[in-house]
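As recorded in Swiss-Prot:
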type     : residues : note
REGION   : 1-74     : region 'Disordered'
COMPBIAS : 1-14     : compositional bias 'Basic and acidic residues'
REPEAT   : 93-136   : repeat 'WD 1'
REPEAT   : 148-187  : repeat 'WD 2'
REPEAT   : 190-230  : repeat 'WD 3'
REPEAT   : 236-277  : repeat 'WD 4'
REPEAT   : 306-343  : repeat 'WD 5'
REPEAT   : 361-401  : repeat 'WD 6'
REPEAT   : 410-443  : repeat 'WD 7'
Amino acid sequence: MKMRRKMSEPHGEAGNEMPNKKQKLSSDENSNPDLSGDDNDDAVSVESGTHPERPDTPTNTASAPGRKSWGKGKWKSKKCKYSFKCVNSLKEDHGQPLFGVQFNWHSKEGDPLVFATVGSNRVTLYECHSQGEIRLLQSYVDADADENFYTCAWTFDCSSSHPLLAVAGSRGIIRIINHITMQCVKHYVGHGNAINELKFHPRDPNLLLSVSKDHALRLWNIQTDTLVAIFGGVEGHRDEVLSADFDLLGEKIMSCGMDHSLKLWRLDSERLQRAIRGSYEYNPSKTNRPFVSQKIHFPDFSTRDIHRNYVDCVRWLGDLILSKSCENAIVCWKPGRMEDDIDRIKPNESNVTILGRFDYSQCDIWYMRFSMDFWQKMLALGNQVGKLYVWDLEVEDPHKAKCTTLTLPRCTSAIRQTSFSRDSSILIAVCDDASIWRWDRLR
């Protein structure tokens, strides 16, 4: 089924006027975007092996005080056990950068593999089928032509089990789409500027985290339409927040941004647990008082010793952190010393322990985000010239991580984000030239 549906205007304003585009750093002026799949290329290059030496950057010169690292220098990537083949590609007809892509990991076994892309004022849903087919399901267009969606995240309705997709971008408005009823069912206005990333809580499908250009993070309850907490202020981020992630238990948030910092925020405090419980109990029809959102001004840990530039992507890997900047490396690290329990880290802790680096090349522009598969066994990142790097994370020591480089002569535009299907059989990459690339894992 194909469709295009306009999303209605919200009943409130998002605050100050916001830029309508992210920094566009790579494009193909001669492209003729369409939605027809390209012919499969049997001559796909799947290169594995050692990467060339990476030039020195401020992050691999002298170590910051309190830093500790396993081993010396860099490690060489050996042949990775994972192999992929590009089986299909297509271009969306708006021709603008696609900033985000996410598979729906909440689907049941046997259901079609559905993923969403966001870019320009468009949200598009696709199904992956056998023989490399990518089938267009639905396309939603925002009523404001100046909207530019940057991020999306999947959850589900607890009462109906319908999959829900949250999207947001330059206007700072969060929209919730039910693709079964084909409607934008909710929207949230609160941030004073663009929203750069959305994440749902790993154990509570109603808790949505948003991070913004207004220097703050917000935690929402989409079941009761309440703003649970605002993270920022006195000791919060000093510039645009670019990324954040929940740990697997949903007890901690790590955020990062343009101020080069990474900050840890705990959700398991009595104050926040009480606020979350209160958000479920709040009923506006029974009271005239608005819900009182918690304002969290002080993070539980903060550091600027990992990166020397914008930190544009962060993910938890167990109790470890993976983060990247515009420095051609993803850094694996942990707060405190190696032997420290992360749950006992104090806000004044100044030590960080660097365990390893995943090096790559030609990726020194910002807002390029990596992803992991559901079981956190693979790590994927694209660079600004269309190359994909896939690391095998099933190693005891990050220094022994193995990498595969995926290249295609036709893919030369910046890869903004990647996403694995839940079973890790498919890897999707989206690019600045509105192209979508499907890589199937070879068994």
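Sequential numbering from 1, following the chain as shown.
Glycine residues also receive a Cβ, built from the backbone N, Cα and C atoms like all the rest.
Ranked by Cβ pairs under 8 Å to the repeat 'WD 7' (410-443), the stretches 93-136, 148-187, 190-230, 236-277 are led by 93-136. For the repeat 'WD 1' (93-136), the residues of the chain that approach it from at least six positions outside its boundaries are 2, 22, 24, 27, 31, 33-35, 37, 40, 87, 142, 144-156, 163, 165, 167, 169, 177, 179, 205, 367, 369, 374, 414, 416-422, 426, 428-436, 438, 440, judged by C-beta separation under 8 angstroms. A mean pLDDT of 97 is what the model gives for the repeat 'WD 7' (410-443). Distant neighbours of the repeat 'WD 4' (236-277): 196-197, 199, 201-204, 207, 209, 211-213, 215-217, 219, 221, 228-229, 293-294, 296-297, 299-304, 306-316, 318-319, 321, 323, 325, 335, 342, 345, 366-367, 369; these residues of the same chain sit at least 6 beyond its ends, with a Cβ under 8 Å from one of its Cβ atoms. Listed by sequence, the residues of this chain that lie at least six past the ends of the repeat 'WD 5' (306-343) yet keep a Cβ under 8 A from its Cβ atoms are 54, 57-60, 68, 242-248, 252, 254-258, 260-262, 264, 349, 351-372, 376, 379, 381, 393, 398.
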